[in-house]
Every structure is written in C-alpha cells, then in structure tokens.
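K.L.:
The following block contains the structure, expressed as structure tokens.
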Amino acid sequence: MEENHKRDHWVLLNPGEDNELEAFGYQTQTLRRALCLLGSVLSCGILRLLFYWRPQWNVWAHCVPCPLQEADVVLLRTTDEFQKYTRKKVFCLYLSVLKNPINPKSGDIVADRHSVINRAVLKPELKVRCIQVQKIRYVWDNVEERFQKVGLLEDSNSCSDIHNTFGSGLGKEEQEIRRLICGLNTIEVEIQPVWKLLVKQVLNPFYVFQAFTLTLWLSQGYIEYSIAIIILTVISIVLSVYNLWQQSVNLHNLVEDHNKIQTTIHTKEEGLQELESHLLVPGDILVLPGKFSLPCDAVLIDGSCIVNEGMLTGESIPVTKTRLPHMESTTPWKSHSLEDYRRHVLFCGTEVIQTKPAGPGPVRAVVLHTGFNTAKGDLVRSILYPRPLNFQLYNDAFKFIVFLAFLGVVGFFYAFGVYMYHGTSARDTVTMSLLLLTVSVPPVLPAALTTGIFYAQKRLKKKKIFCISPQRINMCGQINLVCFDKTGTLTEDGLDLWGAVPVMGNCFQEVHSFTSGCALPWGPLCGAMASCHSLIVLDGTIQGDPLDVKMFEGTSWIIEDSSVDYSDSGIPASSTIIKPGPQASQTPAKAVAILHQFPFSSGLQRMSVITQQIGKDHFDAYMKGAPEMVARFCRPETVPPNFKEALKLYTMQGFRVIGLAHKPLKAGKQPEMGIHTREEVESELTFLGLLIMENRLKKETKPVLRELSSARIRTVMITGDNLQTAITVAKNSEMIPQGNKVILIEANEPEGFSPASVTWQLLEDKVDGHRNKARLSESLVHCKETCLSIQDGSFHEGRPGDDYHFAMSGKSYRVITQHFSNLLPKILVNGAIFARMSPGQKSSLVEEFQKLNYYVGMCGDGANDCGALKMAHAGISLSEQEASVASPFTSKTANIECVPHLIREGRAALVSSFGVFKYLTMYGVIQLIGTSLLYWQLQLFGNYQYLMQDVAITLMVCLTMSSTHAYPKLAPYRPAGQLISPPLLLSVFLNACFSGIVQIWAFLFVKQQPWYCEVQRYRLAEG
C-alpha cells in the first residue's frame, strides 16, 4: 500500500544491521480519529481490539501518508520475512527548558562537528523530533532527512577528533544538551505490573475467542462445563503471567546495579567532579580508578588497563586495553590501523581489574555509548526483543487453527439453515449457530500445545541445561547439523607444554623437551616465551590466557610484585617486571621490563611486546602468534626452508603450534617507546622457532560424536586454530571417520592480472612412530591429483561422496564468498573443517548452512562464539559467565554431552506437539460432526457430556501424552517437521472420514429403530 507514495514518506533505519527497519511517515487527522472512535463504540470495542492486534490498520485508519519530517506518527516494518509492523508516536524535545539558555542564532549546538545533534535541532524553535524504538532513541536529521541514533559518538570521528574535541572534557552547557537529547545513561528493565501482563494475555486472540465461547455456553445453561473451562483458562493465564513476571524480575535484578555506580569525570570548567553514572553523556571524560565496573562504553585515550570481559565473551581471562593513538588523520578512528579497534574500547558491564597510567596523570577514557547503545544494553535488548522464530511447525499450527475456524464457519451456516428450516425463533437460531461455530476449536488447545515444551524444559533443567527461549526446544528436534568450536569444547581448556623447536642459522635444531626437567637455556627464544604475553598477578596468582600461563611457566621465570619500584632505572610504574626464578637457567639479565604491548587479536592472529633489560639501554621486540602469520613478518633468510614441512609434522599430530620472532630495537630514551607503531615493530623480524603444545580431547568428545554420526546428524568443526591441527583433532575424535579422505581447499585473492583461484589438495596420512620420535624427514602430506564431481546433489546422505570431506581456512572462506559464491553451497554440503575463522566468519558460516535448509546447532565455550550461538537455531553455551544469556541454551556441564541430550528432548517435545495437535484436530472435527448430527434433531450434548469429553478425557490425554520421556537413543531419522504434510493430512482426513461415516451410520440406524421417538414428537405426546 505505502510503497507507491513519495520517497520522502519512507526511510530505512539501521541499514545493514540485524535490527533494520523501514519507517513510513503519517499524520493524524481529526475526522478519521472521530470516525474510528465512533466505530469502536458501535462495535462494542471490537474495532479497537482489531487495531490492537494490527497496528498498521490502526495507522492506516487514523492517519494519512505524509513526509517523515512532518509526521506525528511513524509506522515501522521489519525487513525480514515476518514483515512485522509497529506504531510509534513522534515526540519533541525543546532545548528552551534547559537552565542555561541557548542562542538560536548561534552556530553549532555542540562542539563535535560530526554529531547528529547539530543537524537535528530545528531553529529558531530549538526543537528536536524523536522516536523511541526498542529502548533506542532516534532523532530526525534535518540535513540527511532520516532518523538517526543518539546516545553515541559518531564513527566518522578520527583519532585526532576524539583527542582534540573531547580530551579536555565537555562544558556544563553541552552536557545538559546531550543529557536532554540522548537521555539518561541507564539500562532500565522495569518490572512489568501484573495487571499489564494480565491484560496482554487476556487480549490474546485465542483468549478473546474463548471468552466469547464461554459467554455463549453460560447463556445456554452449561454452568458446570463453563466453570471447568474458566478454571483451566485462569490457571493457564496465571502460569503464563507468573513466568513473564519472573523473567522481568530476573532481568531487572541483573541490570539494577548498573545504574547506581559512582564515577569521576573531568569537565572543562570544574576539572575533576564526582557524578552518578546515570548522568554520563557521550563525550564525557571518565577517570578510571584501580578497580571499576564500567557503566558505559568508553574509548581509552590515556594510559592502559586490564579488564575482565567475561560478561561479553564468556571467558574470565584478563584482556589488556591500550590507548587510542593520537594520529593526525581524517580516517575514522575504528579503521586507523590494522589493529582491532576493540583493543581501545572498554565495554559496559566489564570489570576494570588494573589500571596503568602512561604518565603522571590518571587513566582516562572518552564515553562512547550510553544506555541501551552499549554492549551490555545490546545484550539486554537481545533478551527483551529476541529474533523471531521461523519454524515451520508454528506456521502450520496457525494454518490448522484457521482451517478449524473455517469448519466452524461452515457449521455456523449449517446450523443457521437447520434452525431456520425448523422455524425456531431468531434469537435461538443465532445463539445455536454461534455455538456450533465455537465447537471446532478445542478450548484446551493453547495449554495442550505448551505442555510438551514445559515437560522437556523441566527434564533439561535436571541435566543442568538451562533455556531462556523455550520455543526453541521444538526446533532442537529438527537439528541435522551441529557446529563445534574446538578449544575448550572438543578439547580440554588447558594446554601442556610438549617442546620448543629453536631455529639457529636458518635451520631447525633439536627439540627441547619440557618434560626432561632441564630449563630452557637463556636466549631470544626464552626471552620471547618469558615476555611475549599479557599476564598479570592478581591476588598473588598469575592470571591470563591458559596458553600464555603454560608458556610462561615453562621458562621458570616469575612476575615481580607491583610494589617493587624500578623508577630509578627509568622504568615506568605501569610496566610489568619479570625476573628469573630459582629453577630458571643462568642469565645475565636480572630482570626484564615489558614496556609496551600490542595485544593479541583473533583477527590479526598475533601479539607483540617491547621489552628492556633493567640496567641496560637496550630494547627488544618480540612477536608470538600463528606460525604462518609470524613467518610473514620475518626476514625470509631467517625462516628455515623446510618451515612448512616442520609445521605440518606437528599440526598433523594434533599439536597446538605457536611461532616466535624477535628483533632488537634502536637504543633510545624510554619515553620514545610510545611512538613506535605496530607496523614498525612488526617488521624485519628474526624467526626464533616453534613452541609445541599438546591439547587433549575431552573424554566425552568421541562417544558423543559417534552417537551423532550414527543418528545421521552432521558434525562440523569451526575453530580459530591452525587448519592442520583441526584436521588431526577431527580425525582423532572420529568427526572424520577412518578411511575417509580430506580435501584441502585453498583460495587465493586476485593478484595483478591473475584472477582469484581455488586449488584442491587431497591429503593422505602417512604417520609412523611415536610423537616423541617424530623427525622432520618424515613425509606427512602427499599431494595427489584426483577428479571429483561437486555438482549439486552429488553429496547427500548415504551417497558415495560421503567419504570425502572438505577443509578450508578463514582466508579461503573469505575469497570463496567474495569471488566464487556459486561454489560455496556445493562445498558446504561436504565441508567438515573450517579453521582460522574469525568470530564474524563463524556467524556467516552458520547463516550459510541455514540457507541450505539445515537446522543448525552451535556448541561453543562462549569465547568468540557469541555471534554464532545467537545465529544458530539452537546455540549451546558451555560457559557459566553472563555471556550465556545471549545463547538460547546454557550447559553447566562443560562438555558436549549436552548436545545429544538437547536433541533427544527436542525430538520428544516435537513428537508430543505433533501428537497432541493431531489428536485435538481430529477431536475438533469429530465433535463438530457429532454436534451437527444432533443439531438436525435440534439437540445438543449434555453439560456433563461436554465436561467428560473436553476436560476428563481430552485434557488428561494431552497432559499424559506430553509427559512421555525422550527415547534414550538417537534414531537415524528425524521426526516430521511439518504439520501440513501428506502422511499427517491423510491420517487426520481418513480418521475423520471413518469417524464421520460411523457416526452418520449410527445416527441413521438408531432413527430406524422401532423404539426411537424424536424429541419434538415425544414432548408433544407428553404435552
């Protein structure tokens, strides 16, 4: 309807984001409002109810289309397949209400030239037009003519803009303006009043229909039956309201403390100032004390700090945050360098563990996002407004109810005709016709359909699997592909040091075994292992990434207590000091200071540090990361020629391999270390060698994967680890069965005149001997040409193509999605291993599987998996951190045994839902036939007959059918996923036909008996 209007009537909100919306402008007309009010009165509120159920009808009836800049009502529509409408009222904010008056003739309202606030204020009225959508405030941009978010700093700001514009703090006047327009920095989840929840439940279309039905039954004297149905309905509504209220309370308690944090900010006029967190605005300068819970998102501009991001990632591993560089460039600050911008951002809800000032001043950060625009706010919004489920069962269930309602309408006209034929009064004719209209839809339908899910949820809870989205339990019954993270999910969290392979003179040396008891000799390799990490000492315990902890412990060095002062040696207080422990090898270095860190990023796959030996005017740079990545930054002559063969030797055995590199830096004064860019430090390095770590499979992994395989459920590995390591783990865990072949896919970007290309390599295992006796001369991988068809349909279950599996890296996945998108579906049908995948690529891969009509489960430990867990049909987090609230399911048992449990319960819930629905459908049809036959004689079932049929029999059958436990073994086939399918429709149709024929035959047979007397004649004879 609205697509034909002018362009200025329509605009897109949040283009390209998950919550993308179309906005249409409308203006309310007084005459239309009056007519709608009259219609509501005359229809006894039915029109008002229809407007409540269909907001778009409400807008179309009350308003006329107009340009958005003149609209007082905005109609929003989602751009997904659901096309859901929402009505929002436009409200205005007036800057004239502020304490400090603003001159309407002045230039920019706020100092930030990029801010949408400057473009949103209408002069001379000093008015801002706003809408509030899913807790986010949008203001009308008068220049770009579209609604834009407020409560954040624009991404178009460069690094120098952030430092120069906000570095000295905001003025009091600007704070007030931003506070008025952006709103308070609160994440408020109000506890819904019980009466509101009750009204929402009662106004559900089914309950409205049921209220209409009960009114009719009561008018006909069905007192006991109506009371029984009312009791059941009230119990159902009360339970639903209680569950919704309980969820509201739990979520309110989760975020309540967020709004009560005391903060210190720096303002232009008053300097340091104490302020409650709810008064913070984007652009404020936040001064960070030692330990602090962040009430907003902020970008670090002075100093560095260590934070615990467990609330977001699911990992309680300290993460180092560094200051945003002060670069004179117009490039947006998020893309100022190759480094992940998140390394400069402190996210709301995370805990600052430790701060490290860069100079005499405190650690400072600029407030970036406030309220529901923050990372924690986004997490809470994902719970408040979950992604709609597109499950065929629910669509089919709605169609079945429509079909039953249609049968009721047919019954209405039948009854109307019968009663007119017998000459009954108009009142009785209408009442009895409406009664037959209600017979076909069973009153216990809503309660019966949710009981299967309720029982399944209770059984899952006993197995320590918790669910925040119960409707997804039915979807678990359809899962036919499960994606697994590797580290911490299939394998143990902890790593064991196996050995180090030093490089000397461009050649690999003998492996140094850490199990031998001999300390690693001092040298650049030992220096890299001792210093290239982001470990901290907290409460006397070394904390950080498990890999870093094991690597550091292998050197027998220790981290110096922070109370020891090395300022006399020119070492800043923010530096981490390490020194040899009693068991360490002899070294000329008494202690080493880690002056600067370029933290690890999963996107960059590396980290580096700058160190100084205390007492010496000498600086070193060390790098640690994925061996292929580290080798790329080293001088070619320092990388052994057999580097690839050596790497494959260890990765093919399932080892976790880390590359190490080093280079001396030019001597200089210590403060100059801050001017070294990452690009300068990470270049022309010397390759030091490989660190080999062992990562064992969890004992539950192999049996679970075997069970899933026997049930014909595909398993796929998505990991950020090395490709060869992933292949070996997949083979050891039997994710790739013995005897099956692995085809390595490598895709390359176009270079010069060469187009993008894809190469295929068949891998064959030829591993002999024990790991400890492995030598570089062993040949592990043979390249072999083969011909393989990957046409559509060649790889389906049970076909010969199943003995081939594709493996690829994140780089190849990116190239294929960009340049060979038509090839991707054919690869995914038999793709088994996806390594070196970034968090974004994990989400993308899950989505691509869903496009191939797979029902996808995703199981991860929470670190880097949050996006994929939310994207999957059933995301299962093995983390007990708060990040698990973003995942539909959370297992408190940190292994993959929860996956078959969840699928079994999903199948049980799905089968019981189907059984209940079939039973209720046939029951409705059969009861309609029986009632219609009685109507021919102007008769009805008695009060206790209905009571017995609807309550004693039907309800009990539904409750007991739904309580059936899941079968202990996963069958090699899934339950049906569609209600509207030939087998199910045929069974319902044939059963209804058989029942109808028997009832009609019995009815006619009884009428022919000599003792039969029609009710009317019997009454006349008695009269």
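Glycine too: its Cβ is placed from the backbone N, Cα and C atoms.
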K.L.:
If I go by TrEMBL, the feature transmembrane segment sits on one of 43-65, 434-456. Which?
P.N.:
434-456
K.L.:
Give, as a single whole number between 0 and 100, the mean pLDDT over the domain 'Cation-transporting P-type ATPase N-terminal' (160-212).
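P.N.:
In the predicted model, the domain 'Cation-transporting P-type ATPase N-terminal' (160-212) has a mean pLDDT of 86.
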K.L.:
Are there residues at least 6 beyond the ends of the transmembrane segment (916-938) whose Cβ is under 8 Å from a Cβ of it, and what are they?
P.N.:
397, 400, 404, 407-408, 411, 414-415, 418-419, 422, 424, 432, 436, 439-442, 444-445, 448-449, 451-452, 949, 954, 957-958, 961-962, 979, 984, 987-988, 991-992, 995-996, 999-1000, 1003, 1014-1016
K.L.:
By DSSP assignment, list the helix, strand and coil residue numbers for the domain 'P-type ATPase A' (264-383), in that order.
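P.N.:
Computed counts for the domain 'P-type ATPase A' (264-383) are 26 helix, 47 strand, 47 coil.
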K.L.:
What is the number of residues in the domain 'P5B-type ATPase N-terminal' (17-141) that are helix, strand and coil, as DSSP sees it?
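P.N.:
Computed counts for the domain 'P5B-type ATPase N-terminal' (17-141) are 40 helix, 40 strand, 45 coil.
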